[in-house]
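If you check TrEMBL, you get these features:
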- 70-318: domain 'G-protein coupled receptors family 1 profile' (DOMAIN)
- 54-77: transmembrane segment (TRANSMEM)
- 89-115: transmembrane segment (TRANSMEM)
- 121-149: transmembrane segment (TRANSMEM)
- 169-187: transmembrane segment (TRANSMEM)
- 226-254: transmembrane segment (TRANSMEM)
- 266-288: transmembrane segment (TRANSMEM)
- 300-320: transmembrane segment (TRANSMEM)
Amino acid sequence: MNITLYSFLYVLRLNEGNSTGRNIDERKKMQGENFTIWSIFFLEGFSQYPGLEVVLFVFSLVMYLTTLLGNSTLILITILDSHLKTPMYLFLGNLSFMDICYTSASVPTLLVNLLSSQKTIIFSGCAVQMYLSLAMGSTECVLLAVMAYDRYVAICNPLRYSIIMNRCVCARMATVSWVTGCLTALLETSFALQIPLCGNLIDHFTCEILAVLKLACTSSLLMNTIMLVVSILLLPISMLLVCISYIFILSTILRISSAEGRNKDFSTCGAHLTVVILYYGAALSVYLKPSSSNAQKIDKIISLLYGVLTPMLNPIIYSLRNKEVKDAVKKLLGKIPLHQTHEHL
């Protein structure tokens, strides 16, 4: 995968060529075709609302720092604490790393541009940002479905959980999530960068693929088909698998005789479903709705929601409310004795 990504970035450098550093109005012609290769893009972002930019900067900065702190803490304790070497925490560690990469691909650029009068990004930077955002977002869609299946096995078939979700199976499921997300993102980004663009003003705060494609000189049936197929495979189908898993989980919880155990499982599942609905709902509203110029402003708000807020909530809802994680954090900080035992799930 690294070789593929390096090759991809090498091609980007060739495309960018000597255009970097030239005036943005200079144009290159390629193979006699009448289209422009842009070396720099302008990100419109929220420049239409200058009064809100400082507020959005503070909001985004706080969310980003909280995301880095929460997810880094979760990764650290899952590595250091031997009691958290379970499938659930393996997947949560992957999710936390994914969220750090996802937010770091776009939020730093957003923060700089919110305080800058010239909101620009070079071609190669735009391409990398587009790829990383698509790769991390697509991988998260698959991983959320995998995590729902893990909870289904743990609650509905607890006696065989350690057999079904053994270390080898978990590693394969995590690998499939990453490979699926990275390959579909590479496919989408590669085709998107080949489409001729008739402008370089992106009506978004990042190089979001749909916002970039709105600059295309002509509509591409192949690109539209690829986007539709990938979106259907990663969004509604993954969400359907999550919903099916939780239907079985809820039906099992309702049969639990202990009120305390039932309430605990309901609380955990409700929190998980909140994040799933927030993430999938926001993504579906952006990628599987009819395109409309009037909806672009709403799309930017929604993108900010699932691009900044959801990664911040994931470690809080999935883990930091969990007693095992709280004990691991206290142990890491030296607030409880090392010999204290953990209550396993």
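Heads up, residue numbers simply count up from 1 along the chain you see.
The backbone N, Cα and C atoms fix where each Cβ goes, glycine too.
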Item to check | Long-range neighbours of the transmembrane segment (121-149), counting only residues six or more past its ends (CB under 8 A) | outcome: 5, 8-9, 12-13, 15-16, 19-20, 37-41, 43, 88, 91-92, 94-95, 98-99, 101-102, 105-106, 109, 173-174, 176-178, 180-182, 184-186, 188-189, 192-193, 202, 206-209, 212, 230, 234-235, 238-239, 241-242, 245-246, 272, 276, 279-280, 283, 307
Item to check | CB contact flag for the transmembrane segment (226-254) and the transmembrane segment (89-115), at least three pairs under 8 A | outcome: no
Checklist entry - Any idea what the model's mean pLDDT is for the domain 'G-protein coupled receptors family 1 profile' (70-318)? => result 86
